[in-house]
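Here is the structure we will look at, set down as structure tokens.
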Amino acid sequence: MTGTEGTMPVLRAQNLGIQFGGLKAVDSFNMEIGESELVGLIGPNGAGKTTVFNLITGVYKPTEGSFYLNGQSMNGKKTHQIVEAGIARTFQNIRLFKKMSVIDNVKAAMGAKLSYNLFHAVFRTPSYWKQEEELTKRAEELLQIVHLNGKEDYEAGNLPYGEQRRLEIARALATDMKLLLLDEPAAGMNPTETEELLEIINYIRDEFKISVLLIEHDMSLVMKICERISVLDFGTTIAAGTPEEIANHPKVIEAYLGKDDEEVEEDA
Amino acid sequence: MEKRFKVSYFLNFLGVLAVFFLFVLLFENNAFGRSTQYIKGISTTACYTIIMVASLNLVVGCMGEFSLGHAGFVSVGAYASAIVSNGLTGKGLPDIALFLVALLAGGIAAGLTGVLVGIPALRLRGDYLAIVTIAFAEIIRVLFCNLSITGGGKTMSGIIKLSNFYWSFWIMVVCITVMYMYVRSRFGRTVKAIREDYIAASASGINVTYYKVLTFTVAAFFAGIGGGVYAHYMTAMIPTNFNFMYSAELLSEVIIGGIGSITGSIIGASFLSSLPEMMRQFSQYRMLAYSVVLVLVMIFKPGGIFGAWEFSLIRVYERLTGRKGGWEKSRKKTEGGV
């Protein structure tokens with residue numbers, strides 16, 4: 001299962017599960033992601049993929065199981081603590097700070113790393129100027145990576161759809177994470193935009209040595225870039241393996257396309 | 001970048017100085033004849049109202065939460081500073097030191113109340129938070145009506161008159177400057193991110209509760225200072241002065257001036273607090289006029305008269321001299337708006 005033998009996995013989820021009332025949205029979810037690995041998480045609508053993301057980022061508290069980042073338990077930690085530890089995400093339905101400028105979106109995510117306090121801010125001490133200047137420089141670099149340079153002063157909400165998705169990635173990068181969770185980053189994009197996104201994902205993975213967990217409906221994209229894939233259906237993992245294994249896995253085909261009539265009769 | 005800001009601060013300081021000397025000139029030469037003293041009084045009223053409205057704007061504009069209990073913080077500040085100045089009178093302190101100590105005490109008392117109210121209340125959002133803040137202001141009012149140290153339900157009088165226009169003006173300038181610096185720093189940026197989307201903000205590593213409580217506390221602190229200036233100008237007050245209507249008045253001044261604009265708060269507060277004084281004979285229709293103005297603003301300019309726009313001397317200067325872009329890239333969008 002592990003990508004890199006012998007080293008500690010970046011993310012390890014052990015029997016992770018959550019129950020909403022009587023509904024088991026996710027049941028004993030297991031996953032290990034190695035360093036610089038790109039893992040896909042697929043499954044039909046409502047399978048619980050986004051719920052897995054919400055569990056890993058602390059939006060929901062798991063009702064069973066636990067997960068570790070670099071061997072450190074993340075159970076019971078708040079979202080911002082988990083982000084500080086190194087897990088950042090994007091959202092399925094884009095959540096930008098719409099009325100703020102593009103560069104401020106990125107800067108806001110870097111705020112936790114600034115150390116100047118109220119006194120420095122009010123009196124505009126040299127340390128304020130220095131930190132703000134470094135911040136601006138770093139934010140501009142990140143925007144360059146997602147090809148948004150030159151649009152720093154635009155209002156984030158006014159960007160075209162594809163650029164908003166890329167800005168979300170830049171904002172996630174700004175938190176200096178080790179594991180990036182991408183929730184359907186190619187949704188609503190045309191083939192050219194998807195291609196550009198693919199390049200960006202590959203670039204940041206190599207450049208920042210981060211691991212990526214990707215939820216995606218675009219099968220060609222998943223098959224093309226993911227090293228391993230897990231398939232969820234009704235909250236349980238029905239298959240895990242390389243793209244080739246998954247593509248021919250009977251349970252996966254069944255989950256996506258349904259059973260053959262003959263099989264149904266045989267079962268009955 | 002840095003240089004442009006420093007020039008901008010310098011220009012703003014010159015602007016403030018010019019406004020101050022204009023007032024000094026007008027008042028010292030009795031430009032308004034016999035009503036000079038009266039207008040001076042109105043200007044003082046405007047000064048402390050500006051502090052209160054701008055501080056409320058931190059909560060409403062910057063943080064995007066509705067607070068209908070700002071008068072509660074104002075009254076905590078007013079009473080705390082009055083009690084402190086009463087206690088320190090005759091201890092040989094010069095007037096200005098006494099005034100500043102009293103104001104600081106008022107601000108700190110209000111700030112502490114802000115922490116106490118903020119920690120539980122800011123878990124709520126929108127309408128629920130508004131209701132809790134109303135309840136808080138009412139609790140404070142009823143409490144002060146029953147405490148002997150605040151004079152109970154009777155008037156607390158005999159507060160020494162320390163506020164005059166000149167001091168109030170500079171206190172107002174300092175308060176506005178500090179709030180402006182707060183908004184234009186990582187704190188303001190963080191709080192604005194929370195306003196825009198709190199889920200995304202926490203997913204960007206922002207401790208949402210901490211920054212919300214911090215901003216609420218800063219707002220309460222300045223409301224308390226405004227209350228302190230108020231107390232030492234009025235020299236007598238009763239807890240019912242700080243009722244729900246007072247909170248609503250402050251809120252409507254924020255909304256009319258411009259949600260998120262400090263410029264808007266300054267203009268809105270000075271205009272709306274002096275308007276009823278100028279039209280003394282119609283003063284009972286003040287709230288009626290307020291509501292009409294509020295309805296009109298909501299229909300024609302939902303973001304308030306100034307919206308999130310800020311007046312900036314350096315932009316005027318750049319336009320006049322055509323130097324725009326002479327400094328490094330100007331970050332118009334980043335600069336504009338609270």
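Placed from the backbone N, Cα and C atoms, the Cβ positions cover glycine too.
Summarising the annotation, TrEMBL assigns transmembrane segment to B:7-26 (among others).
What TrEMBL lists as transmembrane segment is B:38-59 (among others). Away from its own ends, the transmembrane segment (B:38-59) comes close to residues 23, 27, 32, 65, 67, 70, 74, 163-165, 168-169, 171-172, 175-176, 179, 182-183, 215-216, 218-223, 225-227, 229-230, 233, 250-251, 253-254, 257, 259-262, 264-266, 268-270, 272-274, 277-278, 338 of its chain (Cβ-Cβ under 8 Å, at least six residues beyond either end).
The annotation transmembrane segment is assigned in TrEMBL to B:66-84 (among others). The list of residues near the transmembrane segment (B:66-84) in space but at least 6 beyond its ends in sequence, with Cβ under 8 angstroms from a Cβ of it, reads 52, 55-56, 59-60, 101-103, 105-110, 113-114, 117, 126-127, 129-141, 144, 149-150, 156, 159, 219-220, 223-228, 230-232, 237, 239, 241-244, 246-248, 250-251.
Outside the transmembrane segment (B:96-119) by six or more residues, the chain places 69, 72-74, 76-82, 84-85, 88-89, 132-133, 136, 140, 160, 162-163, 167, 171, 209, 212-213, 216-225, 227-229, 231-232 with a CB less than 8 A from a CB of the stretch. Feature annotation from TrEMBL assigns transmembrane segment to B:96-119 (among others).
Marked as transmembrane segment by TrEMBL: B:126-144 (among others).
The transmembrane segment annotation in TrEMBL covers B:164-183 (among others).
What TrEMBL lists as transmembrane segment is B:213-234 (among others).
According to TrEMBL, the transmembrane segment annotation covers B:254-275 (among others).
What TrEMBL lists as transmembrane segment is B:287-309 (among others).
Simply put, out of B:7-26, B:126-144, B:164-183, B:213-234, B:254-275, B:254-275 has the most Cβ pairs sitting under 8 Å from the transmembrane segment (B:287-309). Counting Cβ pairs closer than 8 Å to the transmembrane segment (B:213-234), the top stretch among B:7-26, B:126-144, B:164-183, B:254-275 is B:164-183. Long-range contacts of the transmembrane segment (B:254-275) within its own chain (CB-CB distance under 8 A, at least 6 residues past either end) are made by residues 42-43, 45-46, 49-50, 52-54, 56-57, 60-62, 176, 179-180, 183, 286, 289-290, 293-294, 297-298, 303-311, 337-338.
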